[in-house]
Amino acid sequence: MTTLLIFGAVGDLAGRYLLPALASLAASGNLPPELRVRGAGREDLDRDSFRAHAGEQLDQHAGDVPPDTRDTVLDRLDYVVADVTDPSAVASALRGTTPLRVYLALPPALFEPTVRALAEAGLPRDALVVVEKPFGTDLEGARRLNRLLAEVTDEDHIFRVDHFLAKQTVQNILGLRFANRIFEPVWNARHIESIDITWDETLALEGRASYYDTAGALRDMLQNHLLQLLCLVAMEPPHTLGARDLRERKADVLRAVRTPTAAQTARDTVRARYTAGRAGNRDVVDYTAERGVDPDRGTETFAAMTCWIDNWRWAGVPFRLRSGKALGAARSEIAIRFRDVPHLVFGQGHEPEPNVLRMVLDPDRVELSLNLNGAGDPFDLEPACLGTDLAAQELPAYARLLLDVLDGDTTLSVGGAEAEEAWRIVDPVLATWSTETPPLLEYPAGSSGPSAKT
Ligand code: BG6
């Protein structure tokens with residue numbers, strides 16, 4: 001009988017994502033029959049009051065959960081009051097819970113003391129420890145956390161969460177690249193001119209100031225999600241799709257990403273924050289007027305950064321990463337732009353458009369733009385597009401991720417070396433930004449973002 005032990009079970013993350021994920025698993029028949037879920041936290045609840053709280057969270061965040069699914073989830077729940085940084089409290093929370101998955105759904109400041117408490121409480125070696133993002137707030141913090149985790153368990157038993165890896169299109173990058181003969185010969189700097197990885201949101205702060213205002217777009221999105229996408233697009237082919245091979249290939253390519261100097265940061269990054277406007281059919285107040293925001297902190301709600309990968313495959317190809325909140329249109333995609341043909345046979349005025357392979361994340365779609373001779377003048381080129389919509393993802397990302405956690409499968413999680421490398425790339429940018437270089441720009445909510453480009 002597997003136990004999922006959730007530290008921080010009454011917190012926002014558990015309510016917003018984990019309980020709804022359990023409901024999705026139950027509704028789709030994927031909830032393991034033997035699974036028990038034990039919540040742990042400081043809140044003074046007992047089993048029944050925790051179940052009542054969980055029920056409210058499901059009503060709020062899980063849409064229309066059929067009553068029997070709701071009951072199936074609530075019946076599995078149990079609760080222990082525990083200060084998760086206290087080893088003896090953790091030891092009693094662990095009692096009778098083998099095999100065990102411990103999910104740290106906690107504020108980042110609690111990760112280190114909690115892992116220390118797990119070590120002292122004698123976490124079983126075969127337990128899987130699940131650590132939410134952000135994994136540290138800088139390289140030093142990520143290293144410390146990795147060292148601590150290594151004291152309680154081995155790398156194969158650590159699941160560092162990046163829920164983007166559980167998104168269908170993201171997994172499709174693997175299929176597209178490694179199950180199709182036609183792409184590998186052209187997947188390099190000789191044929192590819194640039195790669196854009198974009199995650200534009202219409203959502204604004206959504207009441208998350210306590211976390212977001214100390215994070216900002218670079219830490220919130222680029223350091224983890226977008227660099228993970230870069231890994232899957234740019235890594236060398238792995239020998240297998242096993243967790244170790246994938247993690248090694250991803251870490252390798254991150255190691256080849258150039259450490260940004262101050263001059264490169266000034267040239268290759270943009271930071272900005274939104275002012276009042278209307279985005280996603282809603283009025284949005286100025287970021288600095290949001291409750292809980294400290295305007296002097298200068299937190300960016302938009303970040304763009306060009307990464308350069310110094311290896312044979314990618315030398316000279318810009319990887320442009322960008323993400324922003326409160327923008328006019330939601331856009332999430334990876335666009336791979338191929339170089340022009342080497343010789344033009346269609347005369348002046350008939351130049352072909354570059355081929356672009358686009359992987360759209362929401363809704364899931366893959367398309368490739370081509371030039372064809374259309375009807376009429378045979379020398380007049382017409383743009384055409386080969387595209388396919390992918391069936392909607394069967395399970396939402398967090399449910400997919402939880403299923404892997406319960407199976408003890410770490411393939412779609414982040415390795416320790418990757419987490420450190422990602423901070424090695426982002427830390428110097430943050431350091432240069434703290435010297436007001438480049439300056440923090442503004443963009444009205446609902447616009448297409450700052451006009452500056454990387
Ligand atoms: C989260 C970020 O990790 O990912 C959010 O903290 C962002 O700021 C979110 O909105 C986007 O992912 P999804 O899958 O929730 O759209």
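Yeah, the Cβs are placed from backbone N, Cα and C, and that goes for glycine too.
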*Taking K133, K325 as the options, which does TrEMBL list with H163, K167, E201, D220 at the substrate site?*
K325
*Which residue of R42, R47, R51, R177 does TrEMBL report at the same NADP(+) site as D83, V84, K133?*
R42
*Cβ under 6 Å from ligand 1: which of the binding-site residues D83, K167, D220, K325 qualify?*
D220
_Alpha-carbon distance [H225 (active site, proton acceptor); E201 (substrate binding site)] in Å_ = 14
*Starting from K133 (NADP(+) binding site), work out which of the binding-site residues listed here (H163, K167, D220, K325) have their Cα within 10 Å, and give them in sequence order.*
H163, D220
*asked:* Taking only same-chain residues 6+ apart in sequence, whose CB is under 8 Å from that of H163 (substrate binding site), what do you get?
replied: Y17, A397, Y398, L401
_Please identify, from the binding-site residues R42, K133, K167, D220, the residue with the sparsest Cβ neighbourhood, meaning fewest other Cβ atoms within 10 angstroms._
R42
_Give me the count of other Cβ atoms within 10 A of the Cβ belonging to K325 (substrate binding site)._
26
*Translate the DSSP assignment of H163 (substrate binding site) into the three-state scheme.*
helix
*Would you count the other C-beta atoms found within 10 angstroms of the C-beta of D83 (NADP(+) binding site) for me?*
17
